[in-house]
Amino acid sequence: MTAESSSSTSARSQTVIPIVALDVPDRMGAEAVVHQLGDACGFYKVGLELFAAEGPAIVAWLRAQGKEVFVDLKLHDIPNTVRGAARSVARHGASLLTIHASGGAEMIAAAVAGAQEGAPDGRCGILGVTVLTSTDSHGLAAAWGRTAPVDVQEEVLRLAGTVAEQGGAGIVCSGHEAAAVRSAHGDRLGLLIPGIRLPGGDAHDQRRVMTPAAAAEAGARWLILGRAVTGAADPVSAMGQVHASLR
């Protein structure tokens, strides 16, 4: 299933896809995770650290293993530069690519156009990052230079609207804002929710976390799992818990 997979009108009835984050420094670390999980995971996230170390070759390697790839670069630059980067990432076989939604309408539109140029079959969806799950209302206010706390949900909805208007495939938001976005946009925007933790798990450095089942109920299409799986004593068993909670 790719970024363009269809969804039903019910939030929970759509297929919810777990994605495991390859938060490792190099290909050796990535290979260890992928081989350990085997068929338990079919979709992986390549973030800044791994992409900077290995480049597009890591995407090609994952595709050769039969895996789908989410390239999480959170691009934020002038529109022409973002368009070219999106074109290149899409050409290498990514199914999803992130940009910062705060980059504005022109930049978002450029990313969508670039992804279409790189993958004319539409397999690479552009996701707009709204508010990072490590940020709360006070952190958001500080980032924008405001004295009063900023309403995170209002900011997420504002950015989601811009992504939808410019043809993005979806947004990245915490599970706590997902229901409001789903109410405003229906199935038009796919929701990718990071900060997923198994019941009783450690939140680590993220403030707005949620369990897989709760995120699915809120309307998630994709879930990002990092240390909840890769740091577990038995990662395959942890993935089994995730799949079971999504049935």
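Each position is counted from 1, following the chain as shown.
Glycine is no exception: its Cβ is also placed from the backbone N, Cα and C atoms.
Taken straight from TrEMBL:
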type	residues	note
ACT_SITE	ASP72	active site, for OMPdecase activity
ACT_SITE	LYS74	active site, proton donor
ACT_SITE	LYS74	active site, for OMPdecase activity
ACT_SITE	ASP77	active site, for OMPdecase activity
BINDING	ASP23, LYS45, 72-81, THR133, ARG197, GLN206, 226-227	substrate binding site
DOMAIN	17-242	domain 'Orotidine 5'-phosphate decarboxylase'
Ordered by sequence, the long-range same-chain Cβ contacts of ASP72 (active site, for OMPdecase activity) under 8 Å (at least 6 apart) are ALA21, LYS45, VAL46, GLY47, LEU48, LEU97, THR98
Per DSSP, three-state class assigned to ASP77 (active site, for OMPdecase activity): coil
What is the total of other Cβ atoms whose distance to the Cβ of LEU73 (substrate binding site) is within 10 Å? 20
